[in-house]
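A.B. asks: Before I ask anything, here is the structure I am working with.
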Amino acid sequence: MFTLLFIAFLIVDIVFRFWLDSRQLRHVQAHRNQVPDEFSDRIGLRSHQRAAGYTSAKIQFSIIERIVEAAVLVSLTLLGGLQFIDLQLGVLIDNEMLRQLALIASVLAILGVIGLPFSAWRKFKLEARYGFNRVTPRLFILDACKTLAITLVLGAPLAAGVLWVMANAGANWVWWAWGIWVAFNFLILWLFPTVIAPLFNKFTPLDNPEMADRIHALAQRCGFSLGGLFVMDGSKRSAHGNAYFTGFGKARRIVFFDTLLARLNTDEIEAVLAHELGHFKHRHIIKRMLISFSLALVFFLLLGWLSTQVWFYTDLGVLPQLGRPNDALALILFFLVMPVFTFWATPLASWMSRRDEFQADRYAAEQCSSTSLISALVKLYDDNAATLTPDPVHSAFYDSHPPAVLRIQQLKHG
Ligand SMILES: [Zn+2]
């Protein structure tokens, strides 16, 4: 029964996504010869057509990637891939903890190896064709090795901890596992700015006194205590620009990509930061964290129940091993299969995110000037070859940020 439900959801997901994507492709292509009025004085037709090409290429690529992902999912579950690996490891490894960790590692390795050519194609073909890629093959391999090392160093203790409480904490393991998960997230938040990010990029203090003064004044005006201003060599990997906040308490810092500083003037940078401060002022970050932790608890409770149901394994193509723990199996099945069902929550998450973006824009307009934010946004849309004419249905379903036209209309007219 669950097999049928799983297949039905998988097929409906694929068909529905394909329908959304074809809408987007048609919409973008239909508008490729006309820059929307709001932008016609600032964005040329060639830029607009380049954005249409880039958007379409990304969608076509993601359609292929998704078909392969679905094939891998079915191969691992219903076609017996997971069952095969589990049996082999059961013969090879006696220690239950090691056997289960090896099972998780094997599945992650398979997914990683299959994902690698896609990631390479995206960078060296797709991004390169539109002039965004700066990654050399050597850096690509180096990044992959570092990511693997971090996944092992951080992921292995996390997986071992969760498996341990599943085996030893009785019926309460769900709460312990959730506690581990929450603690792990805080650990990452703490490690990211000071340990993880510097493994990939160089961070140097912002060397522009005038801009630093403006930013400190803005932070003070907004009641935001600032630990430091850093510039990151984002240009090492990509021409896309960005800025973000990271860390908490006294260690809170603002990080600019060098690509962003190269393109925006001081007024525009200030407006972009005011937008980010808007997220902070409206407590969007805390709200998102609370939502994510609550959802994690719901998922763990659900997993706690599913892991005791024999049909959860057998209907997904795996026979649980008799007399041995099947906790890793339950975890893997859950994480593989869950997205097929949670996909339908995407529009709700996107809608909440867009509402937050409008709020942050409004805050930036109050603190700085809406004109500066508009000109920054126009430059960013143009530089990133983001489409100005998305299909409304596709956008409502997926987009975390409101379409450019709506954002700018709101900034102009309040
Ligand atoms: Zn934002």
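Even glycines carry a Cβ here, placed using N, Cα and C.
Pulled these from TrEMBL:
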type: TRANSMEM; residues: 6-22; note: transmembrane segment
type: DOMAIN; residues: 24-202; note: domain 'CAAX prenyl protease 1 N-terminal'
type: TRANSMEM; residues: 67-85; note: transmembrane segment
type: TRANSMEM; residues: 97-118; note: transmembrane segment
type: TRANSMEM; residues: 139-167; note: transmembrane segment
type: TRANSMEM; residues: 173-192; note: transmembrane segment
type: DOMAIN; residues: 205-413; note: domain 'Peptidase M48'
type: BINDING; residues: HIS275, HIS279, GLU357; note: Zn(2+) binding site
type: ACT_SITE; residues: GLU276; note: active site
type: TRANSMEM; residues: 289-308; note: transmembrane segment
type: TRANSMEM; residues: 328-349; note: transmembrane segment
type: ACT_SITE; residues: ASP361; note: active site, proton donor
A.B. asks: If you count the C-beta atoms lying within 10 Å of each candidate's C-beta, which of the recorded positions GLU357, ASP361 ends up with the smallest number?
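C.D. replies: Each of the recorded positions GLU357, ASP361 was scored by Cβ atoms within 10 Å; lowest is GLU357.
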A.B. asks: Which ones in the same chain are close to GLU276 (active site), with CB under 8 Å and 6+ residues apart in sequence?
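C.D. replies: Once residues fewer than 6 apart are set aside, GLU276 (active site) is near ALA243, TYR244, PHE245, ILE254, ALA360.
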A.B. asks: Suppose you look only at the domain 'Peptidase M48' (205-413); what would the mean pLDDT be?
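C.D. replies: Average per-residue pLDDT within the domain 'Peptidase M48' (205-413): 93.
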A.B. asks: Might you list, by sequence position, any residue in that chain lying six or more from HIS275 (Zn(2+) binding site) with a Cβ less than 8 Å away from its Cβ?
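C.D. replies: Set apart from HIS275 (Zn(2+) binding site) by at least 6 residues yet with Cβ under 8 Å, we have ALA360, ASP361, TYR363, ALA364, LEU373.
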A.B. asks: Which sequence-distant residues neighbour the transmembrane segment (6-22)? Criterion: at least 6 residues beyond either end, Cβ under 8 Å.
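C.D. replies: Contacts with the transmembrane segment (6-22): 59, 62-63, 66-67, 70, 73-74, 77-78, 315-316, 337, 340-341, 343, 391, 393-394, 397-398.
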A.B. asks: List, in sequence order, the residues of the same chain other than HIS275, HIS279, GLU357 whose Cβ lies within 8 Å of the centroid of the Cβ atoms of the recorded Zn(2+) site.
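C.D. replies: Close Cβ neighbours, site residues excluded: GLU276, GLY278, HIS284, ASP356, GLN359, ALA360, ASP361, TYR363, ALA364.
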A.B. asks: Should HIS275 (Zn(2+) binding site) be counted as helix, strand, or coil on the basis of DSSP?
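C.D. replies: In three-state terms, HIS275 (Zn(2+) binding site) counts as helix.
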A.B. asks: Taking the Cβ of HIS279 (Zn(2+) binding site) as the centre, how many other Cβ atoms fall within a 10 Å radius?
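C.D. replies: The answer is 19.
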